[in-house]
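Below is one structure, written out as structure tokens; the observations come after it.
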Amino acid sequence: MPSTPHLSRRDLLRAAALVPAAGALAACAAPASQPAQTASAAPAATSAANPLGVGDKPLEVWIFDGGFGHQYATDIHQPLFKSKYPNVEIKHNVTKEITKILQPRFAGGNPPEVIDNAGADMMDFGALAQDGQLQDLSPLLDAPSWDDPNVKVRDTIDPSVIEIGTYDGKFSVLGYVNYIHGIWYSQKVFTDNGWEVPKTWDAFLALCETIKKSGEMAPFTYAGKHPQYAYEPLLTMAAKIAGNEVLVNIDNLEDGAWKVDAMKTAAENMAEVGAKYLMQGTAGLDHVQTQTAQNKFQVAMLPCGSWLENEQKSTTPDDFAYAMFPIPDITGSDALPYGTLHTQPGENFMVSARSAHPQAGMEYLRAMLSKKAAGDFSELVTTLTVVKGASEGREISPGVTSATQAVAAAGTNTVYYRIFAWYGQLNDECKAATGELMTGGLTPDAYLERMQKKADEIKNDSSIKKFTR
Amino acid sequence: MTFNRYRRGLFITSFLAAPVILYLVYVISPNVQAFYIAMTDWRGVSATPAFIGLENFERLLGDNVFWKAVSHNAALLVLLPVITIVIALFFAFLLNVGGRQGVSGIRGSTFYRVVFFFPQVLAVTIVAVLFQQVLRPDASGMLNGPLMALGINPIGFLSDSGLAFWSVLGVLVWQAVGFYVVLFSAGLASIPKEMFEAAQIDGAGRVSMFFRVTLPLLWDTVQVAWVYLGILAMDVFAIVWVMTVQQGGPDWSTTVMAAEIYRNAFGYFRFGYASALGVVMFLFTVGFAILSLRLSRRERIEY
């Protein structure tokens, strides 16, 4: 036998079988080490026509397929972007489960450019911010707007978007839709029965009593399976009584923030509604079931946001005429006037800092914020956007009209909270506790005690990154 | 000779290599990595988790929700096997030897045998969605509809925090019983008919026949059932996650360990902490396995 190295067929097969095994062992559950930031470091040159420096690399877009669908992306936003950058290939993707699909991409270091991070399975912005995954969108704010080169993008959108989308001092999350919270009802039902929109809490309770006695329908309901629909009016009510500081203190995890008098009054009021005026079985029904009950004229009022009309469009009778009213005056000496609203930008879009082409991602957002894109979006999904005046001159729907009027009436008296977006554990605890409050399992005092305890627990947990506003 | 042995070893190894490698890569290695991740502050999106030692384990000692979940698993570990085995044994006895002659099943037993097995055919998720509708608290609910028609207030099977856990247990039993009826029937079939005939000639009624003859002869099978059901009780993630309100609620009244692991990992993005919970669950499961193997050592009856 010659002594030259001899590779038998069997040896070859054996070696081949081991290679993928070794590779798989190396790339398993634990995160891979970070690949060097290559692509994003070298943007294309900027110019007046291309203020953010879009190159030729493809642009990957992920849309959450929820209440708004994803037609708005393929029919409105992407054609608009394409009209300016025909060389950039857009990879459009849709999912209902953002986290499951995209979390591994972040861990692996190749996230997509644009993500509509929304829905029940959205990724935690706090975690993304903590790890530097969010692209700083300040260049976008300072870029000229799509419609008018003399106006910056910053001046075309609702200022609360910038405030709410700021993490660690950097504007990094763009809420596209302006959610207006309130108590929703059918104008037809109210007109037919001669019921009036209540301006004070006493009038509201009197109205509930009237509706209950009329035997026509139940006065009030909320999505019992999702008690966040009940803590929203509770917190807004507390802010109405004692001012915006109530919510700011809660957001900042201040000591005793949950146990102030205004919170107690609000909790007592909500518990009273829960004890007396709820539709039967409310606690076990979800948002679709309760909202459909309202469409079937089984219940008069429910707390919700301005997405309601679009969400219910397939079950709403033609003459239903959705409308909303704000939280009524509670004490007669409320810190904030009648008409105070909880408005909050939602449907959050982000650009991944470590994606291959973040410049195109920002440019995509700039296109979305054009008046035409935002107006078409409003018309397609019957909801308001954060772009100022985008739905002006468009006749959209009774619900959108009602919400628009409410926003105009509120003026600068708008409030919001961010604590539940920052601390997921607190959100789940508040859902659990609010459900118990509404069904009588917890007294208002015990409820606030419990929330304060959880807030303190989070404050003292060094592993949870803290945010302030 | 040695060459032959070598060839033979090679032959065996070549067959074992693929499954062993798959097992190492997809079962052992993630498990080992979980132990490491449990000692980091990894939030799932970064590539550089920091090592923090046993901090996560200290934290979970004070985590009320997790210990609530553990207590639910513990309650299920006791209740689920007991209830399921009692019902399954009763049905299996009736179907096989409960008839008038004592050696055959009651009338229609072949039909019941098929019916009892139905729930086992359905996927767990389907069972969960099905029971969401059955237990609905309004007039569309299968249980509450008739109640409301009679003018009784609807019962919040899944929305009352004092009741939801029992609803979950009920659904688990409903789904599990069918399989164990079949298992026990097979066990009964292997017992010689003469035993039952002899007992009958000696004047044993149905009750004493069950306790004196059937149960002792089936003891091995019952033990197997106990271990299977115990393993099931450590998990029950799917039913809880899909069926209950707020995935383990209301007010954490139905949550289990697996649900808390999932929530912490994919809800709060605390992958390090969730891995620590996973390690604790792993220890509980191993503990249960060792305990049940120790306790079930018992002399076998030969016949």
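Including glycine, each Cβ sits where the backbone N, Cα and C put it.
What TrEMBL records for B:9-29 (among others) is transmembrane segment.
Among the features that TrEMBL reports, domain 'ABC transmembrane type-1' is placed at B:70-292.
Sequence annotations record features per position, and here TrEMBL assigns transmembrane segment to B:74-98 (among others). Sequence-distant neighbours of the transmembrane segment (B:74-98) (same chain, 6+ residues past either end, Cβ-Cβ under 8 Å): 104-106, 109, 112-113, 116, 165, 169, 172-173, 176-177, 180-181, 183-185, 187-189, 196, 206, 209-210, 214-215, 218, 222, 225-226, 229-230, 232-234, 236, 256, 288.
Feature annotation from TrEMBL assigns transmembrane segment to B:110-131 (among others).
Annotation comment: TrEMBL describes B:163-186 (among others) as transmembrane segment. With a cut-off of 8 Å between Cβ atoms, the residues of this chain six or more beyond the transmembrane segment (B:163-186) that come close are 72, 75-76, 79-80, 83-85, 87-89, 91-93, 95-96, 113, 116-120, 122, 124, 127-128, 131, 135, 155-157, 218, 221-222, 224-225, 229, 232, 236, 239-240, 243-245, 249-250, 253-254.
Annotated transmembrane segment per TrEMBL: B:217-243 (among others), in sequence order.
Beyond the ends of the transmembrane segment (B:271-293), by six or more residues, the same chain brings 31, 34-35, 37-44, 49, 52, 56-57, 59-60, 66, 70, 73, 77, 226-227, 230-231, 234, 257-258, 260-262, 264-265 to within a C-beta distance below 8 angstroms of the stretch. The transmembrane segment feature in TrEMBL is assigned to B:271-293 (among others).
Listed by sequence, the residues of this chain that lie at least six past the ends of the transmembrane segment (B:217-243) yet keep a Cβ under 8 A from its Cβ atoms are 73, 76-77, 80-81, 84-85, 88-89, 124-125, 127-129, 131-132, 158, 168, 171-172, 175-176, 180, 183-184, 186-188, 191, 195, 254-259, 262, 281, 284-285, 288-289, 292-293, 296, 298, 300-301, 303.
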